[in-house]
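Asks: This is the feature table in TrEMBL:
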type: DOMAIN; residues: 75-150; note: domain 'YdbS-like PH'
type: TRANSMEM; residues: 20-43; note: transmembrane segment
type: TRANSMEM; residues: 49-72; note: transmembrane segment
């Protein structure tokens with residue numbers, strides 16, 4: 001068995017999609033900070049350090065969610081579909097590696113939210129009896145190809161058992 005890093009990377013547009021998602025989170029935190037400021041004017045003065053802390057947290061979350069995390073995720077996300085298993089590696093601080101045996105796969109789905117749909121990307125979900133493994137931000141056509149490939153390989157594995 002080969003224990004090398006999986007060979008296939010996710011689509012390069014994934015970083016842009018994750019950055020857009022980060023901007024959505026940033027807008028949420030900005031609105032939360034603004035709501036705190038407005039409420040503090042109506043319901044009495046709160047200590048200023050709370051507002052400053054919330055503003056600082058917003059800046060830190062924005063820098064990480066938009067600038068740093070997407071690049072790190074791109075570096076470590078990889079996968080490989082083999083005849084008897086699906087090999088997935090992912091993580092930011094803790095790098096995880098999952099080997100999903102074809103014989104254990106129950107069904108395979110593709111999913112898209114509005115941001116992934118805009119970038120013509122999809123997430124491939126591989127379900128077993130115990131959990132669901134995901135390969136995010138694949139080119140839509142590639143996700144459909146992999147879904148069909150894994151489905152057929154899993155069916156062959158069922159027949160072998």
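Here the Cβ of each residue, glycine as well, is placed from N, Cα and C on the backbone.
Worth saying up front: this structure is predicted, and the values here are computed from it rather than measured.
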Asks: Can you tell me which parts of the same chain pack against the transmembrane segment (49-72), counting only residues 6+ beyond its ends and a CB-CB cutoff under 8 A?
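Replies: 14-16, 18-19, 21-23, 25-26, 29-30, 32-33, 36-37, 40, 92.
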Asks: For the domain 'YdbS-like PH' (75-150), how many residues does DSSP put in helix, in strand and in coil?
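Replies: The composition, in the requested order, is 21 helix, 36 strand, 19 coil.
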